[in-house]
Amino acid sequence: MKKWKDIHPISWTIIIGTIFGRMATSMSIPFLAIYLTAVQGASASYAGLVIAASSSVGILASFYGGYISDKFGRKNMMLVSIFGWMLVFAGFAAASNLWVFFVVNALNGLCKSLFEPASKALLSDMTEEKTRLLVFNLRYAAINIGVVFGPVLGLYFGSSQSTTPFLVPAVIYGLYGIVLALQFKKHPSLSAPAQSRNMSVREAFMVTQKDYLFTIALVGITLCTFGYSQFSSTFPQYMAQNPLIGNGTKLYGLMLTLNAIVVLATQFPIVHFAKRFSPLCSLMLGNVMVSISMAIFTVSHGVPSIVMIVITFTIGEVLLFSMMDLYVDQIAKPGLKGTYFGAIGFSQLGNVIGPWVGGICIDLFGAGRPIYIFSVLSGITLLGLPFLAFAYRQMKMETTKHRSRLEKPL
């Protein structure tokens, strides 16, 4: 209980705000691909491209967002991005042309990429090392509490048939921003680490680029993200278009809710076990589980199989995302945590390529041929395993060398 009492009030604001923010987002964004294909008449590949626009912009924006938060402080970056988010969701509600959805979702990715590195770095700044794993996982749990209710609300309000439900996230992010601004005013002593203030963006980029272990792991994490992206892009299109699946849109909404429930049920037991090992071990196992979940789709699409797919995928998701922030926090150079949390945003390349490749597979093979669609997607995801294994091996060797130097007699 003492660890819980050590959590800063602003950290609690971010955690609680995340619940409502993700609830609002998950009642709208996951249904966007279905809305674009069913109502707007877009092809599956174009719908995938619109979904990918968010992550595409985020690849570079997250690094700059993290760097700026290191240089000028977390507060301004978080407030600008969260009120920008409010306007973005209002834009979704007003959109009627396909190109507008592309632009607005790109801006959605920009706001997310600026807010998240700054908020994660702020959580790290305000938390003692012994409590950081708890704080990062409370934030992750908050995401999934929101996702338990969001898809159900999305089905109720008809998010796959109208853009009006996007007004709900607009209101919620506006309120979240106001509460956050009041908390910053109440606790005005927050500032950026001093070391990064005199470092140019090019110098900050070179620091992360020359970090060999970080770069190798980043490639593996990107391929994990490729697999993870299929759940919110290819899965809903496949479920809605497969002629053998009745009421696929409703079933997909229930899959999202089951996903969030399984996360909440398994997250802390898995983390309690996984914290005994390197975060890279969790990332490797998570990669394998996500790949297996897609492989199951190649042989069956019945309700029991779908439940098994969601459970397997979700365990992989927990292993990936419960330890990823801790890995970045551990490997980040002093004074550059925002930059490192931003640099991990380059892994969003997987979220750009994933929906696009998934959409192409559906267009190419047809939703009635899951064996081809998900064999390709599962195989690409599994390519991340060798990179993570290599990074783990190198990290283990460096740790051994460091211990040997410390134990060497003078």
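Even glycines carry a Cβ here, placed using N, Cα and C.
Per Swiss-Prot, transmembrane segment is recorded for 14-34 (among others).
Same-chain residues lying 6+ beyond the ends of the transmembrane segment (48-68) with a Cβ under 8 Å from its Cβ atoms: 32-33, 36, 42, 77, 81, 98, 101-103, 105-110, 112-118, 121, 196, 201, 204-205, 208, 229, 232-234, 237, 338-346, 348-360. The annotation transmembrane segment is assigned in Swiss-Prot to 48-68 (among others).
Only residues 6 or more beyond the boundaries of the transmembrane segment (82-102), in the same chain, are considered here, and those with a CB under 8 A from a CB of the stretch are 24, 28, 32, 36, 40, 42, 46, 49-50, 53, 108, 110-112, 114-115, 163-164, 166-171, 173-174, 176-177, 180. Positions annotated as transmembrane segment by Swiss-Prot, on the basis of sequence analysis: 82-102 (among others).
Residues or ranges marked as transmembrane segment in Swiss-Prot: 140-160 (among others).
Feature annotation from Swiss-Prot assigns transmembrane segment to 164-184 (among others).
What Swiss-Prot records for 212-232 (among others) is transmembrane segment, and it gives sequence analysis as the kind of evidence.
Under the heading transmembrane segment, Swiss-Prot lists 251-271 (among others), citing sequence analysis as support.
Look at Swiss-Prot and you will find 279-299 (among others) tagged as transmembrane segment. Listed by sequence, the residues of this chain that lie at least six past the ends of the transmembrane segment (279-299) yet keep a Cβ under 8 A from its Cβ atoms are 217, 220-221, 223-224, 227-228, 230, 238, 305, 308-310, 312-313, 315-320, 322-324, 326-327, 330, 370-371, 373-375, 377-379, 381-382, 384-385, 388-389, 391-392, 395.
Annotated transmembrane segment per Swiss-Prot: 303-323 (among others), in sequence order, evidence recorded as sequence analysis. If you look at the transmembrane segment (303-323), the same-chain residues 6 or more away from its ends with a CB under 8 A from one of its CBs are 136-137, 140, 221, 224, 227-228, 231, 251, 255, 258-259, 262-263, 266-267, 270-271, 274, 279, 282-283, 285-294, 296-297.
According to Swiss-Prot, the transmembrane segment annotation covers 342-362 (among others), on the basis of sequence analysis.
Sequence-distant contacts of the transmembrane segment (371-391), counting only residues of its own chain at least 6 positions beyond either end whose CB sits under 8 Å from a CB of the stretch, comprise 213, 216-217, 219-224, 226-227, 230, 234, 238, 280, 283-284, 287-288, 290-292, 294-295, 297-299, 354, 357-358, 361-362, 365. The transmembrane segment annotation in Swiss-Prot covers 371-391 (among others).
Against the transmembrane segment (14-34), the recorded stretches 140-160, 164-184, 212-232, 251-271 differ in Cβ pairs under 8 Å, and the greatest number is found for 140-160. Sequence-remote contacts of a segment are chain residues at least 6 beyond its ends whose Cβ falls under 8 Å from one of its Cβ atoms, and for the transmembrane segment (140-160) they are 15-16, 18-28, 30-31, 34-35, 38-39, 168, 249-250, 253-254, 256-257, 259-261, 263-264, 267-268, 321-322, 325.
Packing against the transmembrane segment (212-232) from elsewhere in the chain are residues 29-30, 51, 55, 259, 280, 283, 286-287, 290-291, 294, 313, 316-317, 320, 324, 327, 331, 340, 343-344, 346-351, 353-355, 357-358, 377-378, 380-381, 383-388, 390-391, 394-395, 398: each is 6 or more residues past its ends and has a CB under 8 Å from a CB in it.
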